[in-house]
């Protein structure tokens, strides 16, 4: 197949066309040359024979004038023999007016003398008195040759007295033509050989730049734009090669710009905080960034090529064609396991002609925003509820007092006591809300001090131990002093809140344990406060630090809690670069863990 491909190449075609043109040209020239040469040689031959015959005619006329027709036979024979010495003459006969052969130059035909010649051309010449000629094939001993027969009548006093019959060997002329044709054919063959060789070189000068451009085109199709076509001259092909090099350079620059823009676009799409999905005009997903995959919780191969509306679970809502008309956004639950909510906006990729080539979906994660909004609504609802409950209670007691209960010496003090307790609870609630608001706005000032934590925690435990006679406090505190830096007032609030909750929810033989451990490697310490209370269900442990969250709302409200204590504690601990969390087993108790940074202070570091 390689030879067939080579045969079909432009290089071979140019050589073939070049050779064919040479062959056609030489054939035309050869045909014209040989035809004219043949005509010229034949005309010259016949002209010579005709002149020769004219001379012989004149000589015979003289013989007849001198000796008459009876005594002229011998002289005519001698005269014919004299003229027959030429090589091209085959035979000469003289035939009288009665078609009787008078003389002949050929020895083998001497027996025909005085016999009648039965030749139509002779008869025609004698009867018409005009010369004629024709070609015949005759064997002179070496095979049949072409012979030109020429008849010329002899006239004396304008009367035909006889006819000169001449057979001339015209075959030599044709042999000469054949030799010339053979020379011409050999010359043509040599010329063709030289033409083929030169044709290959000439065609190569034309096809080499074209081949280079073809190879460069193949390289360009593979993404290689660095090669350049060699320019061999200033002709049209050279100009084409120059234009091709300029085109290759511009394509290379355009490709580089396109690749740069593509990389930039890929980088932007990859690192966008929003999910991006791009489809073809049929809605099949072709591009998806990492954020979108993360939102769906799927691998790339599980989403590429799938129908976008099916992936978004919107195929029952509307059709793909409606995206172009509908600019509304949608809230979708993309990942139910993680509770991820995204706002989806669609846009259409449209050409200038109006033809739609694809669609783009932008997924904006609004989970946190929705959660904040939900928490805000819950917060407002909780605050409203927490304020409405004591206000309703206070309003009822005040109305009772207004209606005369103040006169009852037993009820009036009770009503006033309940009103005061509810007022104090509202004050605590408002104070907690104000403190949380300051922390949210980062306007709550923290005054840190270097604190001996051992002394600090023991002082708090002692205070609670004195007021809670029914609770046992167990201490596991290192003897080595642990120094830390925090705001003592705010951290006191944290530990008071945790210890109070531990005492509130303990049951039976109430017991609160304190465990303190230091990790010098990380300059951290961990405080664990454990009770033997009712415990917290495992699915609610992480929620106890949320605002207004209560595991047992009725019991918490009965004990005077606002539901904000642990939320405030979490804000304070995190403001000190710490962490607070809980572990609990329902029915066995709860452990609150607090980690805080601690300071490594040597004895020489204290100022005297």
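A Cβ is built for glycine as well, from the same backbone N, Cα and C atoms used for every other residue.
The annotation transmembrane segment is assigned in Swiss-Prot to 14-34, 183-203 on the grounds of sequence analysis. Annotated domain 'HAMP' per Swiss-Prot: 204-256, in sequence order, evidence recorded as sequence analysis. Feature annotation from Swiss-Prot assigns domain 'PAS' to 261-331. The Zn(2+) binding site annotation in Swiss-Prot covers 271, 274, 364, 368. According to Swiss-Prot, the feature domain 'PAC' maps to 314-378. The annotation domain 'Histidine kinase' is assigned in Swiss-Prot to 382-600 on the grounds of sequence analysis. The phosphohistidine annotation in Swiss-Prot covers 385 and is backed by sequence analysis.
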* To do: Indicate the candidate from 271, 364 with the smallest number of other Cβ atoms within 10 Å of its Cβ, considering only these binding-site residues.
  => 271
* Find, for the listed binding-site residues 274, 368, the residue with the lowest Cβ contact count at a 10 Å cut-off, counting only other Cβ atoms. => 368
* Please work out the helix, strand and coil residue numbers for the domain 'PAS' (261-331) from the DSSP assignment. => 29 helix, 14 strand, 28 coil
* Structure fact -> Summed over the domain 'HAMP' (204-256), the DSSP helix, strand and coil counts are 39 helix, 0 strand, 14 coil
